[in-house]
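Enquirer: Once you've had a glance at the structure underneath, I'll fire off some questions.
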2 protein chains.
Amino acid sequence: MFFCALGKICNYETDRHRGGENVREARRTEVIVVGAGLAGLSAALALYDRGIDVIVLEAQSRVGGKVLSVVEDGVTVDYGAQWISPHQPRMKALLARFGLTTVPTFAKGDALYVLRGDRMRGNGDRPPLGWTGKLDLFRIRRKLDKLAGTIDPGAPWKSAAAPELDALTMETWLEKAAFSTAAKSFCRAVAEEGLCARLSEVSMLDVLWDYVSAGGVDKLMTAEDEWIAGGTQQLPAKMAERLGDAVRPDNAVRTIRWGGGQVTAYTDREAWTGRRAIVAIPPTFTNRIAYEPPLPPDRDQLCQRIGQGAVIKFVLVYDTPFWRERGWSGSAYGETGPIQTVLDGTEPGQRLGVLAAMANGGHARRLGRLGKEERKTEVLRSLARFVGEKALEPVAVYEKDWSADPWIRGGYGGRFAPGVLSEFGPSLLEPVGPIHWAGAETATVWRMYMEGALQSGERAAEEVARALEAERPAGGSAARITR
Amino acid sequence: MFFCALGKICNYETDRHRGGENVREARRTEVIVVGAGLAGLSAALALYDRGIDVIVLEAQSRVGGKVLSVVEDGVTVDYGAQWISPHQPRMKALLARFGLTTVPTFAKGDALYVLRGDRMRGNGDRPPLGWTGKLDLFRIRRKLDKLAGTIDPGAPWKSAAAPELDALTMETWLEKAAFSTAAKSFCRAVAEEGLCARLSEVSMLDVLWDYVSAGGVDKLMTAEDEWIAGGTQQLPAKMAERLGDAVRPDNAVRTIRWGGGQVTAYTDREAWTGRRAIVAIPPTFTNRIAYEPPLPPDRDQLCQRIGQGAVIKFVLVYDTPFWRERGWSGSAYGETGPIQTVLDGTEPGQRLGVLAAMANGGHARRLGRLGKEERKTEVLRSLARFVGEKALEPVAVYEKDWSADPWIRGGYGGRFAPGVLSEFGPSLLEPVGPIHWAGAETATVWRMYMEGALQSGERAAEEVARALEAERPAGGSAARITR
């Protein structure tokens with residue numbers, strides 16, 4: 001109880017929003033999902049498919065989270081997550097369910113590499129390294145596989161080697177594990193993009209968790225083999241469409257209150273009471289919600305320590321896919337940045353050429369501090385180092401700095417500094433009362449990928465469905481609220 | 001603009017709280033301070049002393065932040081910050097201003113040390129080390145002083161050595177810098193308490209920033225020389241009393257909106273509009289407020305990465321200060337924990353004996369996961385290793401786990417993992433529009449101490465006063481709102 005501004009006594013225990021002046025009945029559902037990114041939508045859809053009543057509260061006015069496609073001057077620009085692997089069964093099934101198709105990423109010709117200042121041709125199976133570099137890369141890979149074999153992707157903090165691996169950054173590990181500067185350079189070029197962070201920021205245990213969750217290097221090399229025709233955003237849009245008005249945009253959850261077998265979420269506009277909640281937003285954002293009662297100390301301290309990576313994605317449109325004429329696929333990887341990864345994103349049958357170029361981690365943050373024109377100049381110069389001077393003449397340049405998005409604040413996901421995962425790891429997945437956690441950081445397959453987001457949502461939905469089943473009164477199926 | 005639940009159009013640009021149903025006029029002040037810990041109160045008092053109208057919005061129902069004294073069964077128990085150094089002029093002046101006095105920390109007799117499993121006697125000037133250990137300690141100190149000399153406490157990220165020092169944890173640095181295991185053990189015992197963290201969590205640049213801000217090892221050794229008679233809480237209470245009803249408890253700030261030369265803070269109960277705001281809460285909490293417009297990416301990403309340390313403070317009451325009879329001062333330092341630091345907190349003239357015992361960092365978190373009785377048993381056993389079996393028979397045991405406090409969530413302050421300070425440092429102090437930052441993490445003298453909190457508040461108040469002065473219409477003193 002407290003005295004509100006008007007002097008009335010307000011009771012926190014009722015289904016009324018705090019604040020006295022703002023009394024409001026909560027509407028009822030079975031499960032409240034916070035966040036309409038792929039994780040939240042996946043959780044909601046899994047519950048919906050089981051006939052469980054669900055509501056999805058989304059802060060932004062759109063669904064999709066880190067997926068965002070916009071048609072700009074006739075070109076579909078994917079500002080966020082775009083690529084998938086044929087080894088991602090959830091993505092494949094969901095695309096099929098909604099009648100969406102994929103385009104194979106253009107791969108005719110060579111990939112380009114800029115390593116230690118030199119431009120080289122190669123590709124995934126044929127890295128541009130001399131024989132010592134190749135031998136070293138083979139050894140690094142064997143070491144990674146050996147370490148990965150010791151890690152349970154469901155609970156990496158339980159591995160015997162966890163404390164030791166979690167005391168190292170990937171930078172420190174790589175310095176010791178590799179003997180050839182060429183191989184180190186190659187590893188940096190490919191790893192920094194995936195992690196969206198400097199290798200010196202990230203615990204080796206965190207890196208290995210991603211690695212083992214994706215199924216090792218062979219699978220990871222397929223992560224960008226396909227993309228979704230017509231824009232990735234169609235997927236969350238179709239998922240949301242299926243859920244109908246259960247998806248509530250412009251509803252940032254400010255407070256979650258729970259007790260007595262129920263949980264209530266308050267936004268600035270709505271209040272919903274259910275039996276369980278699934279919070280499917282990045283860990284750092286889970287701490288921006290007020291919980292009553294408060295979260296356990298470990299959970300709060302964990303999420304104080306998971307900084308989001310950083311990425312600016314640039315989509316560059318040229319009058320033709322000129323790189324193809326020169327026998328280059330459009331795929332390019334660089335050590336020094338600011339652009340470290342480039343992929344061809346030209347739609348089949350399109351006359352124009354489209355390149356997607358990513359700046360990640362420290363490079364993204366540095367570019368983000370520049371003015372727009374200065375940034376564009378740097379990006380074009382960086383691209384020119386891969387595909388030549390023609391890169392300086394785009395028809396159009398689109399960009400999105402995900403760290404500047406107030407509801408995303410980074411990408412592709414939250415990363416663990418040394419010491420965090422081994423001490424606080426269990427709190428990442430462990431429900432707190434009726435509150436369950438989802439999001440790509442909690443995935444145990446294809447962590448930080450769209451596939452991982454879907455799996456995390458399905459896993460949380462499964463937890464919730466089991467809990468609801470267990471709570472059901474004995475002696476037959478209870479009456480349920482159905483939409 | 002958005003459509004509220006009632007279908008009305010609400011305009012974000014007015015001085016009205018969001019939500020449509022909850023329209024409310026903001027009251028006016030000149031400066032809004034967020035947080036009534038020592039930093040916020042210090043800022044408010046500095047402005048008040050200059051005749052500037054100020055309001056302090058505090059989330060909790062009490063003032064003081066990490067200062068909390070409670071009289072328990074006739075004994076004043078200081079659950080939080082307690083000790084000061086004679087070399088802390090702001091604390092000294094403020095205590096004098098409010099007629100408060102200090103007690104010298106009992107120092108007759110030896111301090112006790114448990115290092116590498118052995119109990120030893122010694123004291124600050126006479127560490128319990130053999131000649132190689134003492135030599136090594138001397139060398140470590142010289143190295144620290146040399147490194148500290150390269151660091152500007154106003155902007156440590158500008159030092160030439162910053163990137164290198166920020167790539168190391170203190171653990172890694174110490175392993176390289178020391179040759180004697182005894183000296184390492186001694187350094188760990190004293191540093192982990194001060195940092196409230198495992199040495200493997202904290203960047204060496206962060207450690208050196210603390211070190212240089214306090215004035216080096218000689219000053220740091222005086223940090224616990226005195227404590228405040230009758231409880232530290234008297235200080236924030238007197239500061240708040242001076243500010244009168246400008247201090248508004250039970251008012252957690254949820255949203256800060258700014259633009260057009262003014263800033264408005266919204267709590268669940270009140271709204272205040274002023275010309276400037278000072279946010280004086282731990283960095284991780286600054287990200288739990290919604291800002292409109294949003295904070296710059298660097299500021300948000302910085303505060304995603306500053307995890308609070310951890311501390312449980314135990315206050316143990318015995319029927320007599322039995323340790324004194326054995327020639328021990330009550331000061332004790334241990335490497336292995338869970339208790340790493342003990343100090344005598346017996347009030348002069350008191351018949352009872354009082355020990356304050358701290359578990360920090362990983363030890364605090366581990367103890368926090370235990371049940372209360374199990375924790376008490378571990379703590380008493382740990383104390384017995386210092387002062388003997390008599391420690392097992394307290395009259396009373398009081399404890400506070402600061403990580404469990406929903407508005408503190410750790411202690412003594414936020415720490416920087418490697419790589420954070422050198423990249424994001426400037427955002428720690430840089431105002432965002434009319435929003436200035438205070439708090440012990442932003443201090444440039446005696447960081448993480450009460451003295452630092454005061455200095456951070458004064459510095460922010462100075463920034464604000466200068467800004468208000470600069471904005472004042474030319475041609476004489478403008479009319480000002482005065483209380």
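Cβ coordinates are placed from backbone N, Cα and C, and glycine is handled just like the others.
Where the annotation comes from TrEMBL, it is an automatic prediction and has not been curated.
Quick paste from TrEMBL:
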BINDING   A:Glu58, A:Ala59, A:Val253, A:Glu441  FAD binding site
DOMAIN    A:38-464  domain 'Amine oxidase'
Enquirer: Which of the listed binding-site residues (A:Ala59, A:Val253) has the least company, meaning the fewest other Cβ atoms within 10 Å of its Cβ?
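Expert: Comparing Cβ neighbour counts within 10 Å for the binding-site residues A:Ala59, A:Val253 gives A:Ala59.
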Enquirer: I'd like the number of other C-beta atoms within 10 A of the C-beta of A:Glu441 (FAD binding site), please.
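Expert: So the number of other Cβ atoms within 10 Å of A:Glu441 (FAD binding site) is 28.
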Enquirer: Based on DSSP, name the secondary structure state of A:Glu441 (FAD binding site): helix, strand or coil.
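Expert: Reduced to three states, the DSSP call for A:Glu441 (FAD binding site) is helix.
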Enquirer: Taking the Cβ of A:Glu58 (FAD binding site) as the reference point, list residues of the same chain whose Cβ is under 8 angstroms away and which are at least six residues distant in sequence.
Expert: A:Gly35, A:Ala36, A:Gly40, A:Val247, A:Arg248, A:Pro249, A:Asp250, A:Asn251
